[in-house]
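**Q** Starting off with a structure, shown below.
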Amino acid sequence: MSFPVTRLRRLRKTPAIRNMVRETIVNKDDLIMPYFVCPGEGVQNPIKSMPGNYQHSIDMLVKEVKDLYETTGVDKILLFGIPEEKDEDGTVACSQHAIVPRAITALKEAVPEVMIVADVCNCEYTTHGHCGTIVDGDVNNDLTLKTLAAQSVALAVAGADIIAPSDMMDGRVAAIRNALDENGFENTPIMAYSAKYASAFYGPFRDAAESAPQFGDRSTYQMDPANSDEALREVQEDINEGADMVMVKPALSYLDVINRVKSTFNMPVVAYNVSGEFSMVKAAAQNGWIDEQRIIREILTSIKRAGADVIITYHAKEFMLNQIHSK
Ligand code: PBG
């Protein structure tokens, strides 16, 4: 049917009718808020390149996560650690004394309602800032699997609800699944960063997590931004190895990949709206160049519309506070 019978503007006439036919609505259950935990007490260290985000010591993180939950209802967080000391292979992260396991223990006691997704990677914990153990100038895949598995078990023992490997080693989902199962954590899900690209959009995060590589870059393990067939193969591998959820990262320059992954696999798909995507919005807003709250809503809606079931985003708290206040 075409004009004059069809008039698509009929369903746009009023807010009520637009609200009625809206296809995509982002709500608190879709969102995961990332946090950075650091040593010390009473520390709330602003991250310059990510306005409104902080490195929190454990005591301050507990307060912040309580506030997140009480003011917005967001009940899922993703944790990254900044350790006291680093080493060659990330072993510092593999015990209950490590920064993230200690934070998880404290959070589980103070705000048990909040679900904790623990990022698993070595880059925050190695002196060289790469995601694994270096042999002959490159990250050695199979040696790295050992620390990833040990780190995952330490996080699960502390009480992590979901294990989220972000390292991009081959075979790591299987290695982590086996280690979790052997230690009695067969019911702990794995959220795999499956299609993670070697992206310039991670720049601000590396300031936040103090995890920039000291030589070279991550392009021998993270994906080439030009490829999307390869993303499907990465996702397929992770599903075969036991991933319960798969992730595409970053989000905005990869909406086509999110869409292909969702329509190919019909699995829960997570999208990571990363630090650089966040900081660009903040910078433009600080200059008065954009309507920030509308931009944030449009961005998150587009990620969900593309096919993401879950969005990891530094906008989570602010977005929900604004939804609540604009009602
Ligand atoms: C660790 C990790 C990174 C991010 C999440 N986990 C950085 C990287 O791969 O260099 C990036 C998150 C962001 O930019 O917000 N491997």
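Including glycine, each Cβ sits where the backbone N, Cα and C put it.
Pulled these from TrEMBL:
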type     : residues         : note
BINDING  : C121, C123, C131 : Zn(2+) binding site
ACT_SITE : K196             : active site, schiff-base intermediate with substrate
BINDING  : R206, R218       : 5-aminolevulinate 1 binding site
BINDING  : E234             : Mg(2+) binding site
ACT_SITE : K249             : active site, schiff-base intermediate with substrate
BINDING  : S275, Y314       : 5-aminolevulinate 2 binding site
**Q** Within 8 Å of the centroid of the Cβ atoms of C121, C123, C131, which other residues of that chain place their own Cβ, given that this set defines the recorded Zn(2+) site?
**A** G90, N122, E124, Y125, T126, H130, G132, S166, D167, S211
**Q** To the nearest whole angstrom, what is the C-alpha distance linking R206 (5-aminolevulinate 1 binding site) and E234 (Mg(2+) binding site)?
**A** 24
**Q** Taking only the Cα atoms, work out how far Y314 (5-aminolevulinate 2 binding site) lies from E234 (Mg(2+) binding site), in Å, as a whole number.
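**A** Y314 (5-aminolevulinate 2 binding site) to E234 (Mg(2+) binding site), Cα-Cα distance: 26 Å.
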**Q** What is the total of other Cβ atoms whose distance to the Cβ of C131 (Zn(2+) binding site) is within 10 Å?
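**A** The Cβ of C131 (Zn(2+) binding site) has 26 Cβ neighbours within 10 Å.
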**Q** Could you give the Cα-Cα distance between E234 (Mg(2+) binding site) and K249 (active site, schiff-base intermediate with substrate), in whole Å?
**A** 12
**Q** In DSSP terms, helix, strand or coil for R206 (5-aminolevulinate 1 binding site)?
**A** helix
**Q** Based on a Cβ-to-ligand 1 distance below 6 Å, what subset of the recorded positions C121, C131, K196, E234, S275, Y314 would you report?
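**A** The qualifying recorded positions are C121, C131, S275.
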**Q** Spatially, which candidate from the recorded positions C123, C131, K196, K249 is nearest to R218 (5-aminolevulinate 1 binding site), comparing Cα atoms?
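**A** Closest by Cα distance to R218 (5-aminolevulinate 1 binding site) among the recorded positions C123, C131, K196, K249: C131.
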**Q** What is the number of other Cβ atoms found within 10 Å of the Cβ of R206 (5-aminolevulinate 1 binding site)?
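**A** The answer is 16 other Cβ atoms.
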**Q** Helix, strand or coil: which one is S275 (5-aminolevulinate 2 binding site) in, per DSSP?
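**A** Assignment for S275 (5-aminolevulinate 2 binding site) reads helix.
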**Q** Where's the emptiest Cβ shell within 10 Å among the binding-site residues C121, C123?
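**A** It is C123 that, of the binding-site residues C121, C123, has the fewest other Cβ atoms within 10 Å.
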**Q** Using DSSP and three states only, what is K196 (active site, schiff-base intermediate with substrate)?
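**A** Where K196 (active site, schiff-base intermediate with substrate) sits, the three-state DSSP reduction gives strand.
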**Q** Could you check which of these binding-site residues, C121, C123, C131, S275, sit within 10 Å of K249 (active site, schiff-base intermediate with substrate), going Cα to Cα?
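**A** Candidates kept after distance check: none.
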